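Feature annotations, reproduced from TrEMBL:
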SIGNAL    1-26  signal peptide
DOMAIN    70-172  domain 'Ig-like'
DOMAIN    181-276  domain 'Link'
DISULFID  227-248  disulfide bond
DOMAIN    281-372  domain 'Link'
DISULFID  301-370  disulfide bond
DISULFID  326-347  disulfide bond
């Protein structure tokens, strides 16, 4: 009132309203939300509010859930009352999500976005979750969220909030992708041309996301060695070294992740470390009688019912599905690469990996990797 804003909890607000409003003329205001606070004037007329002793509990047996891209996943959430009630109550449930990038970067003003709200048999889903989510309802109090066709950007911290009258309780469950591959990526302009936001977009354009520290560490443990520094999802800049050498932290330094720490996200420029997860489609080298320039390659994939594969898709097919082909081919970003799982003569270095020819001029002739 008069420019002053009061911040009150829901039960306290209700109590204040009861005590302050002039009901008068012997009129009795019977406030009863049937939950924590109950007006005993409904019984003896004293007009006092007391704590009923009933508690709403919202729980999850699993606070971290891992799943594969394209699969269905269930985020567990269950509510109950203490002591147990004899009659069912009308409750409302809301699932919301904080994206993984907001968690890893500790964004102070990041907002949770609604995924789904439900009351009784009525429900509504939002954004990219429309038509892909539902409540499991396998037992009384089960408000677990089922997500179908899991997408790369579905990861993050989910909140299950149960609302009963003036009371609400919640629990959080984190969702991560279990299987994937980390790969280094740089701009067509060359090394160290991406600020943080450019790195985010570059990974998204290649069907990937910026890798987290945990994902890069796991990739290093699997043997990733790369001497160019790249952005991670938390805004730090790091690179993985398994074989210490001059120019990569020094020959005398131990193997590990070299870190430049947090950098200015707008002005500092590096490469990116992207993370791509398993996919439902297939990546294949198109059987074609001749080599093609980039435009011809795109048309050839379209005639075959697909599209030119993205870098993240090629890496996922190599790492997760064993794609092995000693033929260089165009990719959607204009680069030319080929995947090798069984290293052999005339197919690059002695270690498995995705070989790169960089970004040749679009008129040059190569094969093509398609995605369908």
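Using the three backbone atoms N, Cα and C, a Cβ is placed for every residue, glycine included.
Keep in mind that TrEMBL annotations are predicted by a computer and have not been checked by a curator.
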So for residue 370 (disulfide bond), how many other CB atoms are inside 10 Å of its CB?
-> 28
Give, as a single whole number between 0 and 100, the mean pLDDT over the domain 'Link' (281-372).
-> 96
Are there residues of the same chain, six or more positions away from residue 301 (disulfide bond), whose CB falls under 8 angstroms from its CB, and which are they?
-> 286, 307, 308, 368, 370, 371
Output, ordered by sequence, the same-chain residues six or more apart from residue 248 (disulfide bond) with a CB under 8 Å from its CB, or 'none'.
-> 227, 239, 241, 258
Helix, strand, coil: count each for the residues of the domain 'Ig-like' (70-172), based on DSSP.
-> 11 helix, 49 strand, 43 coil
Quick note, residue 347 (disulfide bond): same-chain residues at least 6 apart with CB under 8 Å of its CB -> 326, 338, 340, 355
Near residue 326 (disulfide bond), how many other Cβ atoms are within 10 Å of its Cβ?
-> 15
Write out how many residues of the domain 'Link' (181-276) are helix, how many strand and how many coil, based on DSSP.
-> 19 helix, 32 strand, 45 coil
Neighbouring CB atoms within 10 angstroms of the CB of residue 227 (disulfide bond), all protein chains considered, total 14
